[in-house]
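Engineer: Have a look at this one before I ask anything.
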């Protein structure tokens, strides 16, 4: 058996070697598969080093070879379709012994930096109203908040009321409008709980005790088992108050309820449904709205501070350009602009309502008669979980640029891919804090990326090895802006960018191969579309690499199976001896026993409900 194992293993490795290295296959053949398909290039991604193009194949252009005039230089020089267009040398802005070629790869140096502003990806749910997930409790489906990022400055306004939403819900004989959204008092107190109280409560929990205050608050709220259902995935949302460092668990997950059929703004009718809506208000500056899914590394992957001296833009072949189509509103300051962006941001609020939904008087009658079927739709239209279970998945007008000079707020729904350095602007998002600002613009980003790309290419073409004439070859990336104009390797004199706090220079004499359309889409220009037909994949050996990876994985699996088989045969006796010791098997590693489990009787004989929270809306009577 062991001989068979060795034979199979050697055969497998031989097979893998032939796929990867054998039969003289050249993996860099045909890097551009030309076609007539027109591809957008919004999604530029940096390729791993092993997938990058050899940007220097056949042609070399030295200084003495350039004899064209200025008008010819932008279009008429030969283009190496293997990946490089030579940069003209008349201006002699770099060493005469250097041969500079321009890469054809339109990479984006902002990719990593801007990842946290891809809100659809990093948050994945509504912002203004977050009801992006469903969970079952006692056989019934309910909607609940699910955003992965904190929403800074978000709170709930109860219309025509002085009651704050962080006040506990009405209980016992209290009128509905006497209560808010938070959990009622408990013994021991679980909400609100101070940061120090949570630290002490979870001091022996390795999974929770070292979390930051926002994530800790989210996990604390998530430890509550609704309706005594330990198998439910439903988790309550929470609000953390930075001012007093308290975590408030929200008993009501609904965030908006408007319209005469669903609520009553008349304060004199104390026991009628109150109207409410989400907002970023001055009163909520220190609040942060949290779902059960807030990631523990949110500080790295989610936006918090607004960006001073910055304007969101789109990366277009070597430079960051303005977003052409925006919605412009007046705003006196950054707070008002951030508030406007929030109001227009992604929302999971239902868009259609059931025709047969009863008005609030009938819902009130349901409270009076303790008829759960009449009141289960309270606090949001029934359509939210029957006729219309809308989920935005984070798509919306989530970004804005605030112009401090004109006091205009420019709001848009296209994912920004770079930042423009402009002293008049502040870039903001619907998730960001209403007033907190990051002051440090990454001025060295372009220079650092240019250096990194040149070094990366030099390793491939052995830049340090001089040719016969003592010349060096440099493959310059398609980055035409930098705070170091010498790093641009520009064939003309770079121009200084106005309103730039970084003193950026831009090279304008190299032909740009992409443009922005009127609908905010970045596309390759018509004359270059054949060369970039593979965009956004843009990996010449992508299909081959998939085959190689799959075959290598298959070989590894085969080898593992054989090794496990031999090991099992050798250790059969010991295995069965161990199986006689039940204490080694089936030991749970879960921490359900550590989760808070409030008794159902805590809420009284009747409980509250809505389609966003699994507990009935009937007021608890103590």
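Placed from the backbone N, Cα and C atoms, the Cβ positions cover glycine too.
Annotations for this protein, taken from Swiss-Prot, read as follows:
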DISULFID  149-302  disulfide bond
DISULFID  217-247  disulfide bond
DISULFID  263-275  disulfide bond
DISULFID  320-418  disulfide bond
DISULFID  337-409  disulfide bond
DISULFID  443-502  disulfide bond
DISULFID  490-507  disulfide bond
DISULFID  492-509  disulfide bond
CARBOHYD  162  N-linked glycosylation site
CARBOHYD  286  N-linked glycosylation site
CARBOHYD  371  N-linked glycosylation site
CARBOHYD  421  N-linked glycosylation site
CARBOHYD  422  N-linked glycosylation site
CARBOHYD  499  N-linked glycosylation site
REGION    578-603  region 'Disordered'
SIGNAL    1-24  signal peptide
TOPO_DOM  25-546  topological domain 'Extracellular'
TOPO_DOM  568-622  topological domain 'Cytoplasmic'
TRANSMEM  547-567  transmembrane segment
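Describe the structural surroundings of these features, if you would.
Structural biologist: Note on residue 302 (disulfide bond): other Cβ atoms within 10 Å of its Cβ, all shown chains, come to 24.
In sequence order, 191, 192, 193, 194, 195, 198, 213, 216, 217, 220, 221, 238, 239, 240, 241 are the residues of the chain that are 6 or more apart from residue 247 (disulfide bond) and have a CB within less than 8 Å of its CB.
Note on residue 275 (disulfide bond): other Cβ atoms within 10 Å of its Cβ, all shown chains, come to 21. In the three-state DSSP assignment, the secondary structure recorded for residue 275 (disulfide bond) is coil.
Cβ-based neighbour count (10 Å, all protein chains) for residue 320 (disulfide bond) stands at 23.
Sequence-distant contacts of residue 409 (disulfide bond), defined by Cβ-Cβ distance under 8 angstroms and a gap of at least six in the same chain, are 328, 329, 330, 331, 336, 337, 340, 341, 400, 401, 402, 403.
A 10 Å cutoff on Cβ-Cβ distances gives residue 443 (disulfide bond) a total of 18 other Cβ atoms nearby, all chains included.
In three-state terms derived from DSSP, residue 509 (disulfide bond) belongs to neither a helical nor a strand segment and is classed as coil.
In the three-state DSSP classification, residue 162 (N-linked glycosylation site) falls within coil. Cβ contacts within 10 Å of residue 162 (N-linked glycosylation site), excluding its own Cβ and spanning all protein chains shown: 6.
Sequence-distant neighbours of residue 286 (N-linked glycosylation site) (same chain, six or more apart, CB under 8 Å from its CB) are 241, 242, 243, listed in sequence order.
The DSSP secondary structure for residue 421 (N-linked glycosylation site) is strand.
Of all Cβ atoms in the shown protein chains, 21 besides its own fall within 10 Å of the Cβ of residue 422 (N-linked glycosylation site).
In this structure, residue 499 (N-linked glycosylation site) belongs to neither helix nor strand by DSSP; it is coil. In the structure as shown, the Cβ atom of residue 499 (N-linked glycosylation site) sits within 10 Å of 14 other Cβ atoms.
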Engineer: Over the topological domain 'Extracellular' (25-546), what is the model's average pLDDT?
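Structural biologist: Summarising the topological domain 'Extracellular' (25-546) by its mean pLDDT gives 80.
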Engineer: Do any of 275, 320, 421, 499, 507, 509 (recorded positions) have a CA within 10 A of residue 149 (disulfide bond), and if so which?
Structural biologist: none
Engineer: CA-CA, which of the recorded positions 162, 320, 421, 422, 507 lies nearest residue 499 (N-linked glycosylation site)?
Structural biologist: 422
Engineer: Out of 263, 275, 302, 418, which of these disulfide-bonded residues is nearest residue 162 (N-linked glycosylation site) by C-alpha distance?
Structural biologist: 275
Engineer: Determine the most Cβ-crowded residue among the disulfide-bonded residues 217, 507, using a 10 Å radius around each Cβ and all protein chains in the structure.
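Structural biologist: Max Cβ neighbours within 10 Å, all protein chains included: 217.
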Engineer: With every protein chain in view, what's the tally of Cβ atoms within 10 Å of the Cβ of residue 418 (disulfide bond), excluding that atom itself?
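Structural biologist: Its Cβ has 24 other Cβ atoms within 10 Å.
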Engineer: Minimum Cβ neighbour count within 10 Å among the disulfide-bonded residues 263, 492: which residue?
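Structural biologist: Candidates: the disulfide-bonded residues 263, 492. Fewest Cβ atoms within 10 Å: 492.
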Engineer: When DSSP is mapped onto helix/strand/coil, what comes out for residue 217 (disulfide bond)?
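Structural biologist: Assignment for residue 217 (disulfide bond) reads helix.
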